[in-house]
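According to Swiss-Prot, the transmembrane segment annotation covers A:1-21, A:28-48, A:81-101, A:233-253, A:302-322, A:323-343, A:363-383, A:398-420, A:455-475, A:481-501, A:510-530, A:577-597 (among others), on the basis of sequence analysis.
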Amino acid sequence: MLELWGVLSLTSLGVMVIFLFSKIKSSFAESVKYAGYMNAVLLSILLMSDESEMLFLKWEWVKLGGYSLMISFRFDLYTCCFFVVGLYVTWNILMFSFYYMSTDPRIDLFCKYLGLFLIAMLLLVSAESLFQLLIGWEGVGIMSYLLISWWYARSDANTAALQAIFYNRVGDIGLLIMLMWSLVTLGDWSFTGLYALDFVNTFFLLGVVLAAAGKSAQLGLHPWLPAAMEGPTPVSSLLHSSTMVVAGVFLLIRFSPIILNHKEIQLMVFFLGTMTTLFSAICALAQNDMKKVVAFSTASQLGLMVTVVAGAGAPQLAFLHICMHAFFKAMLFMCSGGFIHGLQNEQDVRKMGGLHSAAPITSVCFFIGSAALMGVPFLAGFFSKDPIIEIININNLNSWAVGLVLIATSFTAAYSVRLLYFSVGGVSRMLVLQPMNEEYGNLIGPLQRLAYSSVIAGVVFIYFLSPNQISCLSLPLSLKLAAVFVTLVGGLIAWDVVNLLHREESVTNIPELAFEAQVGFYPLIMHKLIPKVWLNMGEMYQMQVMDRGWTELALPQGLGGNYKIMADNVVNAQTSLIKMYIAVMVMMGGLILGIMICL
Amino acid sequence: MSPYISPLFSITMIMSVMLISSSGHWVFMWLGLELGTLAFIPILVWWHSSLEVEATVKYFIVQAMAAAVFFLGGMVSLSGDFMGGVNQLMGNIGDMMIMLAVVTKLGLAPFHYWVVDVVQGLNYIPGAVLLTWQKVPGLAVLTQLATCNNSSMLLLFGMVSALVGGLGGLGQTQMRKLLAFSSISHLGWLVVGCVAGSLLGLSYFTLYVVLSIPLFSILHMLNGGHLNQLRTGLMFNPLMSVLLGVGFLSLGGLPPFFGFFGKWLLLTHFVGQLLLGVSVVLITGTLISLFYYLRVSYLCIVVLGPQQIMSGLNWRKMQLSGLMSGLLVLNMLGLFLVGGASCLPK
């Protein structure tokens, strides 16, 4: 039964790939939807079946003397769950992009790109060997590049796409390290082979961390994520919810059994995650671009997932958060896209306000999404975020990092409330006569579907993705309520502060805000200062001193001159006089014979 | 001269090589060398132009002198002991004289002066025969002579040849002189190859012949004596001009082409036999010579000569397409040919 449905779901995915080539874009969206249904059935059968928890579908692709390259799909709980979530969210995003991109002349190609993006991600998630993972990984990278630079006439979009590909390339080094190490040491790329290792290699794990940090935009390799907002909103929506950025977290989840055996790496990932979550939350506080706020909130949530995967040792929770996050984050982006589209591509929250009366349904969805993001009890985010914070609270790795997570949690509430206040609430500050309008089925439909799932998905998913650690179920009241409490406090403070700042006489030029608005000056330092230093050094030392100086003098000029002198000697010997030739030859022959005799 | 007599000369030239390679005694080798030279001289003066006559006289004088030295060397070695067989007579002065004579006949580096002048005076076709087929008798003797006693001397000659061939061509603008220097450079590789193993020398020689004869033929067709004349080739016969450029790159030993694989094969064996210094010198010489090969290819492929504005490229002219496609296939399929050659005993 399980095998049968595995084959059927694979077939439905294959049909989806075939529909990718069809000329009618809505039929592709339909195929994504039905593939999602098939996989939902597969998931339920997997959950009901007792005898086997996992399903492999594999066949041998290439056999190279002793080493065989298998194509195999690993259908465990993670894969099946992610298939359902990814297909469902992508279907909605495709429908949304019919609305958002309806005036784009290349909308068909756009939908194909989105489909390829999804397929690469599904390949990544279902990969059983590192090689297959690499294919999906690079596919996601390429498609993100193409999609972010969709409006290629804008230089910002091109810059953002290049940032994405460069930072991801740094991360890909980590993946290549993993591949090389496992090929050289094990001769095997399959996960089963790697799990069976009884020793843990630091080098390999550092590769895992680097790869995950690059893909999931952890601190240090993060600037591409907010920059990727230059792409169309459906792209941001897909990129931030169910593809690309969660790939790094997913890699960590796949390798969590190995990471958890290595204390130092575990601590390192823990710090990386907490710092990312706090830094991104701080940056999100002062952004005025609507999509940037949502983007930084994604980065912050990714940090939280990374934290819990290693720090708390609960990969199930991280995965649960991936799924929940996919629902409400896709919806948040769609809502922003609706606002932005309705306001004729105005992204600045200072020029919004009062949208609750102009676009009530979108506003309600935006509120639900923000509430789910904050972790308001019994919405989707609550079921993943609350256990995460509880489980981090009770672990004994590092109390400083735990503190950072709590602060970041309160900041989540703060920037969400601020964003809601500026865009949805208050009075309208937009230009007059905006064609704000919700009468589009492709806008409202996906929003409603995702809003329903943002409300109920947590209740459904917690049944089969509950954490293995039982300890978080019995906590003292103070720790149990910590997450809700800090969220409440953060939200209230933010509400007050925003109210305060919104008055006419209030001080608006706060120097501390510059750090946040400039996102920690990181892009300024990394993209401007350091390249400038390198370029100057290259110009001064390499270019002027070496390339146009000494090496030029010594090698091209000097060698050329010397060869010319030698060549002149050789050519001058060609006197065209046979007498001279014979004389030289006889002398040379005599010399050689003389040397031979003397020796 | 009557064309009916040329088969006689050709057959005599072939017979001379067979005589040399089948004989074990120096007298018959000398006889074969002389026969080959004498049969070749009428071909050299086929058209009776003054340049040809001068070149032929120079060729004859040098060959005759070398033959005399060869005979003298044979007599000297005969006077040393009376065992007669060449292979037993190594290391003494007579043997060295024979070797010097053969080297002179081949035109190896310190004795190369005549090659450039003679080739410059000849047409392309006799020049091609001189630089390819007429090397066979000398090489046949040399492979029988090359043993441990004089191999170091041959290695030295080979290295000097590669360098001189590279340096001499640098400033040349005459195509025939350029080809002569290129031939000297290749001869250096060839001789070192002969020392490293006679089959290596044979395969490299085959490669050189196969590469250079189409080039000589194309040059003969384009009828360009000066480097600048090649520029017009792209206008009048673009395919052939491009193939000429590609052929020169191959002759220079640039990696994707056939010529590279011959050098690679030789280098593999040189390094295997620890001839590291020799390899470095040979590569240096080839690197220098690559400069003028590149210049020729540049003129053939990249540069358009002065032309009328309205005249387009003449892509339809497909003269001698068999020759051209042969050259092209040869240059592209080098890998397969060398794959067979690499099965040679090391």
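Using the three backbone atoms N, Cα and C, a Cβ is placed for every residue, glycine included.
Long-range contacts of the transmembrane segment (A:81-101) within the same chain, counting only residues at least 6 positions beyond its ends with a Cβ under 8 Å from a Cβ of the stretch, are 9, 25-26, 28-29, 32-33, 35-36, 39-40, 42-43, 107, 110-111, 114-115, 118, 121-122, 125-126, 232-234, 237-238, 241-243, 250, 319, 322-323, 326-327, 330, 334, 337, 341, 440, 442-443, 445-447, 449-450, 453, 461, 465. Note on the transmembrane segment (A:481-501): residues 374-377, 385-386, 389-390, 393, 406-407, 409-418, 421-422, 508 of its chain, located 6 or more positions outside it, place their CB under 8 angstroms from a CB of the stretch. Only residues 6 or more beyond the boundaries of the transmembrane segment (A:398-420), in the same chain, are considered here, and those with a CB under 8 A from a CB of the stretch are 267, 270-271, 274-275, 277-278, 280-282, 284-285, 287, 290, 293-294, 296-297, 300, 303-304, 307, 311, 349, 366-367, 370-371, 373-375, 385, 389, 392, 482-483, 486-491, 493-495, 497-498.
Outside the transmembrane segment (A:1-21) by six or more residues, the chain places 27-28, 30-32, 34-35, 38-39, 41-42, 45-46, 49, 52, 55, 57, 73, 75, 83, 112, 115-116, 119, 122 with a CB less than 8 A from a CB of the stretch.
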